[in-house]
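Asker: Dropping a structure here in structure tokens format, bear with me for questions.
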Amino acid sequence: MRTVLVALLALVALTQAISPLDLIKEEWHTYKLQHRKNYANEVEERFRMKIFNENRHKIAKHNQLFAQGKVSYKLGLNKYADMLHHEFKETMNGYNHTLRQLMRERTGLVGATYIPPAHVTVPKSVDWREHGAVTGVKDQGHCGSCWAFSSTGALEGQHFRKAGVLVSLSEQNLVDCSTKYGNNGCNGGLMDNAFRYIKDNGGIDTEKSYPYEGIDDSCHFNKATIGATDTGFVDIPEGDEEKMKKAVATMGPVSVAIDASHESFQLYSEGVYNEPECDEQNLDHGVLVVGYGTDESGMDYWLVKNSWGTTWGEQGYIKMARNQNNQCGIATASSYPTV
């Protein structure tokens with residue numbers, strides 16, 4: 001009995017001897033292993049650890065509010081938790097809303113206007129993953145090619161609805177080959193430009209035949225390995241969430257642009273993302289709406305597929321607030337290709 005007591009006292013003493021700094025270092029070590037982080041030198045690692053620790057405190061503070069029911073989503077130490085926020089935005093967010101407006105003014109090229117079907121009652125919730133119309137979550141890496149992933153996702157869904165086969169399409173094909181249409185590879189682009197390129201090009205290659213590299217490369221499109229094509233695209237009326245809901249329900253996954261410029265988006269983990277600071281015109285990131293619904297608390301949301309891998313958000317997805325005055329501009333620039 002005395003031996004057991006001594007052992008317990010020793011364990012307590014050891015626990016008390018572990019400093020907060022030791023715990024942070026252990027958490028940092030686990031984080032690096034989990035996300036396969038490697039840094040150029042010790043100076044960079046110290047810099048990244050400092051950012052990680054600052055984000056760690058921000059996340060803990062925010063998640064206390066979540067536990068108290070004051071916010072509707074949680075944050076987490078994902079693979080971007082060691083990046084400065086401005087560094088993250090410059091690297092990951094590649095949608096150029098200003099370019100979209102300029103191109104429309106200069107060229108007059110717009111898609112067909114979406115007209116919702118008459119006398120159709122849409123379901124209260126939709127998830128196109130359940131119908132087999134959505135490929136697995138992909139990862140754009142450190143390349144501002146979000147627009148390409150949003151484009152392929154929408155066309156993958158439309159091709160599935162028409163042909164009954166889900167084919168993963170090549171984002172790299174769009175990155176390398178659609179510059180003449182106003183896209184800039186890893187430096188950003190537009191989904192509508194991608195749809196125009198695919199139409200004029202006679203198709204887009206499969207991901208298998210033209211795999212993703214995450215860099216700007218020369219175009220090596222091969223018409224022998226085309227996976228899908230489109231005949232144009234449809235623009236959903238700007239800011240109209242109800243029409244976008246009908247489009248998602250009746251037509252399939254929809255390409256959208258959003259304001260993802262906030263730290264809360266960078267570190268999002270789970271729940272319904274409700275960010276009052278979002279701007280409906282400051283659009284900087286292309287994603288894919290694959291459904292919609294209402295959570296247990298009665299909060300409406302859009303089900304959104306991102307292109308940052310499965311370790312971000314809810315296995316690569318985010319639920320974004322719906323019917324909150326077009327929050328984050330989710331219905332400002334929405335479209336889908338026609339096939």
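Yeah, the Cβs are placed from backbone N, Cα and C, and that goes for glycine too.
Given the structure is predicted, the values throughout are model-derived calculations rather than measurements.
Sharing the features that Swiss-Prot gives for it:
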type     : residues  : note
ACT_SITE : C146      : active site
ACT_SITE : H285      : active site
ACT_SITE : N306      : active site
DISULFID : C143-C186 : disulfide bond
DISULFID : C177-C219 : disulfide bond
CARBOHYD : N96       : N-linked glycosylation site
SIGNAL   : 1-17      : signal peptide
Asker: What residue among the disulfide-bonded residues C143, C186 has the most other CB atoms lying within 10 A of its CB?
Answerer: C143
Asker: Of the disulfide-bonded residues C177, C186, C219, which one has its Cα closest to the Cα of H285 (active site)?
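Answerer: Ranked by Cα distance from H285 (active site), first place goes to C186.
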Asker: Which state, by DSSP, holds N306 (active site): helix, strand or coil?
Answerer: coil
Asker: So which one is it: of the recorded positions C146, C177, C219, which has the fewest other Cβ atoms within 10 Å?
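Answerer: Result for the recorded positions C146, C177, C219: minimum number of other Cβ atoms within 10 Å at C219.
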Asker: Which of these recorded positions is closest to C186 (disulfide bond) if you go by CA atoms: C146, C177, C219, N306?
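Answerer: Spatially nearest to C186 (disulfide bond) by Cα position is C146.
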Asker: How many other Cβ atoms sit within 10 Å of the Cβ of H285 (active site)?
Answerer: 26
Asker: Relative to the Cα of C146 (active site), which of the recorded positions C177, C219, N306 have a Cα no more than 10 Å away?
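Answerer: Of C177, C219, N306, within range: N306.
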Asker: On a C-alpha basis, identify the one among C143, C177, C219 that is nearest to N306 (active site); the candidates are the disulfide-bonded residues.
Answerer: C143
Asker: Which whole-number value in Å describes the distance between the Cα atoms of C143 (disulfide bond) and C177 (disulfide bond)?
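Answerer: Counting only the Cα atoms, the answer is 16 Å.
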Asker: Under DSSP, is H285 (active site) part of a helix or a strand, or is it coil?
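Answerer: Looking at the DSSP assignment, H285 (active site) belongs to a strand.
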